[in-house]
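K.L.:
Below is the structure I would like to discuss, written out as structure tokens.
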Amino acid sequence: MWGSQSSSMYKRTPSRDYSPMGDVEDNSRLLLDGDDVSKETETTNPPWICSLPHVLVATLSSFLFGYHLGVCLGGAFIGSLFSGGAADGLGRRRAFQLSALPMILGAFVSGVSNSLAVMLLGRFLVGTGMGLGPPVAALYVTEVSPAFVRGTYGSFIQIATCLGLMAALFIGIPVHNITGWWRVCFWLSTIPAAALALGMFFCAESPQWLFKQGRIAEAEAEFERLLGGSHVKTAMAELHKLELDKTDEPDFVTLTELLYGRHSRVVFIGSTLFALQQLSGINAVFYFSSTVFKSAGVPSDMANIFVGISNLLGSLIAMVLMDKVGRKLLLLWSFIGMALAMALQVGATSSYLPHFSALCLSVGGTLVFVLTFALGAGPVPGLLLPEIFPSRIRAKALALCLSVHWVINFFVGLLFLKLLEQLGPRLLYSMFSTFCLMAVMFVKRNVIETKGKTLQEIEISLLAKP
């Protein structure tokens, strides 16, 4: 999984005039000084409309993630572990198609199942596809998006997840009234999965991945599709500059290198961010919010709709702000808001409050928590980590970090009810609030701002640091 990939049959030589011995040497001083090469060669940003269709197709994977949120976590963990090898070995597009296959097969198997064993097999297959899909989506959207809208496009992943959640809720409404409708719910999910697999035949491959494979002419062609012809030269110059800076590094990436090598710090930051995201209690809120609303007299279907709307609203706000205020500020305020929301939940357990006031605090705290989570803690880690990971380790480092996400997700879901029973809601919600405050301090000390910078600029600036 972590070993070397087969060597490319393409000779790594530049085409046209994007040689590292020409324009890149002239621009390298600008890059190291923190200036944007494009400011010297371009007066406008690339047209965002060129890359938008490719991003929208990729986010079908996130829509399916939301739709199948209750997948088998074991399958998701395995899929996540192998996502890096698939994305590096097959390319981003083929990895998407690979993730769609078990989702189609698993949904069909679940839909025709007549036993628990067959149902679990189907869910395991779907989980494997869903573990593979999110890391590839984060990689792909980050690598094909122009820098000035990369945050906005990255927010599409969270929005698509919200829409998938809400689609599952609405499609599942007739389950109680129509016999066998649950089978239809599974079968319908094969439509977006098939659309993802077919749509990727027409989407651009990641130019960064093609460049790593030595397929320089193809990388240029994909940059032209994604950015427009006038921006190809600058983009290729930055890639060649990075190539010169990393001539002493091997092509393959090992697990030992990720854990103990020169990039182990950024891997640690990424893993910790995902761990804190899950330790904040978000999945406990998602899984058990209907219980909170039920105590206030709100039916479970309506409770799920309210939570879904809060999630979607927060994601839309994040989409607007991501490229304006930046990733770090959104993360900070998101975790602060989540800590305050958990404090409301703690307050709702007070015996001094009237019953109605306690219910209002509990329901309000749940909705505020989901809203503030969607503002930053939800969408930012999946966008930020592919930005700060060097291109050589990006796929496998992200796979490792998301594997940590699934492990923590599993234990929080497994232990929540038991801890709630043994510790009580006041202490447990206080622990969640404490983790949110720990996340605030961690983000403030360790996360860098990447807003408006190209991936190559971010990597060069990190390489320049001791």
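Positions of Cβ are set from backbone N, Cα and C atoms, glycine also.
Among the features that TrEMBL reports, region 'Disordered' is placed at 1-25. Marked as domain 'Major facilitator superfamily (MFS) profile' by TrEMBL: 1-451. Sequence annotations record features per position, and here TrEMBL assigns compositional bias 'Polar residues' to 1-10. Here TrEMBL flags 65-86, 98-118, 124-141, 153-175, 181-203, 266-290, 302-322, 329-350, 356-385, 397-420, 426-443 as transmembrane segment.
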K.L.:
Name the range, of those listed as 98-118, 124-141, 329-350, 356-385, 426-443, that has the largest tally of Cβ pairs under 8 Å with the transmembrane segment (181-203).
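P.N.:
Between the candidates 98-118, 124-141, 329-350, 356-385, 426-443, the best contact partner of the transmembrane segment (181-203) is 98-118.
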K.L.:
Would you kindly list the residues that approach the transmembrane segment (356-385) from elsewhere in its chain, counting only those six or more residues past its ends and only Cβ-Cβ distances under 8 Å?
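P.N.:
Hits for the transmembrane segment (356-385): 134, 137-138, 141-142, 150-151, 154-155, 157-158, 162, 270, 273-274, 277, 280-282, 285-286, 289, 292-293, 295-296, 298, 306-307, 310-315, 317-318, 321-322, 327, 330-338, 340-345, 347-350, 397-398, 401, 439, 447, 450.
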K.L.:
Mind pulling out the one from 65-86, 124-141, 302-322, 426-443 with the most Cβ pairs under 8 angstroms to the transmembrane segment (153-175)?
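P.N.:
Answer, by Cβ pair count: 302-322.
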K.L.:
I'd like to know if the transmembrane segment (302-322) touches the transmembrane segment (124-141) in this structure, counting it as a touch only when three or more C-beta pairs sit under 8 Å and are separated by 6 or more positions.
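P.N.:
When sequence-distant Cβ pairs are counted, the transmembrane segment (302-322) does not touch the transmembrane segment (124-141), since fewer than 3 lie under 8 Å.
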K.L.:
With a Cβ cut-off under 8 Å, give me the same-chain residues at least six positions beyond the ends of the transmembrane segment (302-322) that come close to it.
P.N.:
151-152, 154-156, 158-159, 161-163, 165-166, 169, 285-286, 289-290, 292-294, 330, 366-368, 370-376, 378-380, 383, 451
K.L.:
The transmembrane segment (65-86): which same-chain residues, six or more beyond its ends, come within Cβ distance under 8 Å?
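P.N.:
Tertiary neighbours of the transmembrane segment (65-86) are 1-2, 5, 94-95, 98-99, 102-103, 120, 123-136, 160-168, 189, 192, 286, 395-400, 402-403, 405-407, 409-410, 413.
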K.L.:
Six or more residues beyond either end and a Cβ under 8 Å away: which residues meet both conditions relative to the transmembrane segment (397-420)?
P.N.:
73, 76-77, 80-85, 87, 131, 134-135, 138-139, 253, 255, 258, 263, 266-267, 270-271, 273-275, 277-279, 281, 283-284, 287-288, 385-386, 389, 428
